[in-house]
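Some notes on the structure that comes next.
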Amino acid sequence: MLLTVEDAMRVYPLSEGRLIAGKAGGSRPLKAVNIIDAPDFVQWAREGDMFFTTAYVFKDSIDEAIATIRSLHQRRSAGLGIKLGRFWSEMPAALIEEADVLGFPLIELPYPFAFSDQINGLLQDEIHRSTLRLKRVVEKQKRLMNVALYQSMTENPFQRISAVMEYPMSIVGGKGHILYNDTPCSEGELMSEWPWKAEPRRMTRNDCQLYRLPLIHEDETIGFAVFVLPADYMPKTEEGLFHQASEMLAYYLSKMMENGSDTFWHQELGTIINHYLEVGTSLDTVLHQAEKAGIHVLEDRFVCVLCAAEENRDYLLKPSRLKAVRQELEFNPFIRDKKGYHVLTDAGLLSIYPVSGSGSVQALASALEAICPKDGHIRFAFSTPKESAVHFAEAYNECKETVKLSRKLLSQEQIIHFDTIQMAHLFQYVPADSMRHYCRHVLGPLLDSNTVQAQDMLLTLDVYVSNEGLLGDTARQLYVHRNTVSYRLEKLSELLGLDFKKPNDFMKLRLAVLFLRMMD
């Protein structure tokens, strides 16, 4: 049975009886009804059991009756119904008082009706309720099928499925970001105990119940659905429905991860942008499609960011990894507010972000650095800010050139800017012999030596230049004391005949280090 004591008291002929005590326990769930005529029945009592009896089992002992309802209360039984007449003419006041204190339902059963009549009435009511529940489940299944068959490009599938299920729902991405939430629960209540295991779980939160299901696509857990249910409600007939809904939610979430947007216009815009960047489709076509898709990042000042992978034999950027990066960019609240548009290109994942003030680019770089995987395989290359869409292709090429040069220079930075690598861009066509001659002119004493000390000195200069001549940052990157770096630079200054504090000498050193990287 799936009804409460209060519900049962409305079912004929039990409705002819009276709930004379323990009204505070009226919301207790009623799962089974038993007729008892022996005093030792308590040891078999289970949660949700209701017992019908006469006063005979208590043998005219009020104390024994009180002890019985205390034991039933401890076992979370639904209540006790007593038929008056032959053994008791009225319910003892002490028993009523104890039931009220415990909040344990105490029922005076209707005398004219046999126990079997009352149980049969409850059974017929439960059959009727079960039939209605099954009809409700079938109706929900039909509506879920309609969602699957007639999904509109402009509608939110999460919202439609939540409406069909008729329970508040939240969708949490695989990284722990709340992607959709129409529940009354706070983020803290929903996300407690994160990260979660990929298994169904029911939890109680305040006066409600959370039913959490993993969203699995191609044997990978890509998120979770969390349904908010009444605290005492979880019909078995609907369990399959929740799992069916979770499969649909997993499908739609996977499509969001793949496409980045859930409208045809966004997908079409991505195709047109790729044609524009690689083949030469007109810019007007791109702007027209962007307007149809509601994308406005090219209408004002913007910057392009290319997410690319480190190229080596041991690691390739798998499509699933790139999708994960895209999901992070689109759904992580820390970066989502930057309002970027993302499109897959042959060079990697291209993002276009609007930038306004002077600090916008740096704020964007900091946000990307915060979410960037620390394994060193992913890097974000920034173009210089552009004032209009006319420079879109130029910005994209700057991103590609930044990635190319950073690899050539063996840069370990994961956030790289074109304006900081422009010098290498300018000198990339200088003949190797000229570079070699210049390096020997500036760094000859170090290059002529094959000692470990000479290699350490070259590394110190490389890191010193990379950190714009800042001793503290250089020391931290080399894992040595600041005084050690200062001592090494003094020795290098004497050896090379350069004063690194002079702009001209520091520029000579910068060029020499740059040429060494490019030749390597």
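Including glycine, each Cβ sits where the backbone N, Cα and C put it.
Those TrEMBL annotations? Automatic predictions, nothing curated.
Here is what TrEMBL says about this protein:
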type	residues	note
DOMAIN	14-119	domain 'Purine catabolism PurC-like'
DOMAIN	458-513	domain 'PucR C-terminal helix-turn-helix'
DSSP residue counts for the domain 'PucR C-terminal helix-turn-helix' (458-513), split into helix, strand and coil: 43 helix, 0 strand, 13 coil
Number of helical, extended and coil residues in the domain 'Purine catabolism PurC-like' (14-119), per DSSP: 42 helix, 24 strand, 40 coil
Integer mean pLDDT for the domain 'PucR C-terminal helix-turn-helix' (458-513): 86
